[in-house]
Amino acid sequence: MFLTLIAAIISFMVSAFTMPYFIKFYQLKKIGGQQMHEDVKQHLAKAGTPTMGGTVFLLVATAVSLLVSLFSIKNTQSLALISGILSIVVIYGIIGFLDDFLKIFKQINEGLTAKQKLALQLVGGLMFYFLHVSPSGISSINVFGYQLPLGIFYLFFVLFWVVGFSNAVNLTDGIDGLASISVVISLVTYGVIAYVQSQFDVLLLIGAMIGALLGFFCFNHKPAKVFMGDVGSLALGAMLAAISIALRQEWTLLIIGIVYVLETSSVMLQVSYFKYTKKKYGEGRRIFRMTPFHHHLELGGLSGKGKKWSEWQVDAFLWGVGSLASLLVLAILYVF
């Protein structure tokens, strides 16, 4: 526990100290910044804001985790666990970095195509499974203490879980501070679970990432001076999925990650309903004002027809939802 606290403090200090230099370098080199949705007019002023800040907090958290773990790793099993989680973080961070690089440096608006990104994510998921999950012998999902055997189909579950939540966190990263603190809330919850399970190596990784993210948030809260980019969001989503697998609490991510599930579901519902109504009525209709869901809240509150919400209001609401969901999981696991 002490080493976890040390890792969190070091990560926070290094991340908070380094980020201004990253922002300044970005601005001095006149690198193109984040592009904004024209439909949300209050976001247009953010055009050109430095992005790819996730590069900094990922490097910091990874380096600190490895450094501090040298004093705590006692066996090869712990080393395999840490390397497994860090490997998926690094792999998905590289995928996100490539996507951001193409958008910003090569001026390719869409970055990687959807098919290219999915292919790389699947390759990363396969590497994670065959190098770290399969050797551990895990082939079942723990649901409320009951082991649901999947056999070889656990491979497909891992791919779905990692790819799905990496993209879900990516969709959540749409307004200042939303994704960073939402992930912190999720990580704190998994930190409690790891502590109860005496999984102190996982707890150390969680502490390092929480510290690095809080250092990043010092510059990502409204008005944001930097965004995490795909390099950060894809890696964070994959990390949450990997941690839920490592702790054998996969099902909890559906509740702990309710914000990411809500954001992703809103997009899927919107697209499906639009296509259905266009085919049936000749014109597409929408359920939400705009998706992902945080934009719907911005444009008209919960109903979509009320007063516009500020980014702080949206943040507070979704952080609150995530916090309550996390408390519910802890209550289910350790109270009821």
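Backbone N, Cα and C atoms are what each Cβ position is placed from, and that goes for glycine too.
Just so it is clear, the model here is predicted, and its values are computed rather than measured.
If you check Swiss-Prot, you get these features:
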TRANSMEM  3-23  transmembrane segment
TRANSMEM  53-73  transmembrane segment
TRANSMEM  78-98  transmembrane segment
TRANSMEM  118-138  transmembrane segment
TRANSMEM  143-163  transmembrane segment
TRANSMEM  174-194  transmembrane segment
TRANSMEM  200-220  transmembrane segment
TRANSMEM  226-246  transmembrane segment
TRANSMEM  251-271  transmembrane segment
TRANSMEM  316-336  transmembrane segment
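The transmembrane segment (78-98) makes contact with the transmembrane segment (118-138): 3 or more of their CB pairs lie within 8 A, with pairs spaced 6 or more apart in sequence. Nonlocal intrachain contacts for the transmembrane segment (53-73), taken as residues 6+ away from its ends with a CB within less than 8 angstroms of a stretch CB, comprise 3, 6-7, 10-11, 14-15, 18-19, 22-23, 79, 82, 86, 89-90, 93, 96-97, 200-201, 204-205, 208-209, 211-213, 215-216, 219-220, 226-233, 235-236. Contact check: the transmembrane segment (316-336) against the transmembrane segment (118-138) gives fewer than three Cβ pairs closer than 8 Å, residues 6 or more apart, which falls short of the contact criterion. Using a cut-off of 8 Å between Cβ atoms, the transmembrane segment (174-194) and the transmembrane segment (143-163) share fewer than three residue pairs, counting only pairs 6 or more apart in sequence. Among the recorded stretches 118-138, 143-163, 200-220, 226-246, the one sharing the largest number of Cβ pairs closer than 8 Å with the transmembrane segment (3-23) is 200-220.
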